[in-house]
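Colleague: The structure follows.
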């Protein structure tokens, strides 16, 4: 099975080639001028979406800070609209389609649900990995070098003496 990070890198490397191919196909169907106009239209739409989402996010954060309440729509909602705007801003038909899907209010709940489910599975897998690496099965806290099992300061004490540079040079000690 191919690891997910490698698939992401391959997809990002293939994206420009797919976009150019789509531009050529669309250009052959509707003409070069209309294709360029459509690409400019998508980018302009992305700029408008990104600007309005940024203004809304700024106002929501400002309101939350002023009232002391949490964000009403949640940061994921604002992030999705901003990512959709960025994808629309990038010239290309595939990125424009992805941006529209992410930014449209109709599709956002399904995408939010899918992202939340993915994040929960990922966190559960990470939690299981962390528990499996524990020295004592079933224990939640970390064990091993550098970790103490008691209160702060209850670990092993090493007695010593602090020597300043002035004191060490006066005695001729170079250690």
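Each Cβ is built from the backbone N, Cα and C atoms, and glycine gets one as well.
Those TrEMBL annotations? Automatic predictions, nothing curated.
Since this is a predicted model, take the numbers as computed values, not measurements.
Annotation comment: TrEMBL describes 6-26, 33-58, 78-104 as transmembrane segment. For 129-175, the entry in TrEMBL reads region 'Disordered'. As annotated by TrEMBL, compositional bias 'Acidic residues' applies to 165-175.
I'd like to know what surrounds each of these features in this structure.
Modeller: For the transmembrane segment (6-26), the list of distant contacts is 35, 38-39, 91-95: same-chain residues at least six beyond its ends, Cβ to Cβ under 8 Å.
Listed as Cβ neighbours of the transmembrane segment (78-104) (distance under 8 Å, sequence separation of 6 or more from its ends, same chain) are residues 15, 18-19, 22-23, 26, 38-39, 42-43, 45-47, 49-51, 53-54, 56-57, 60, 71, 111-112.
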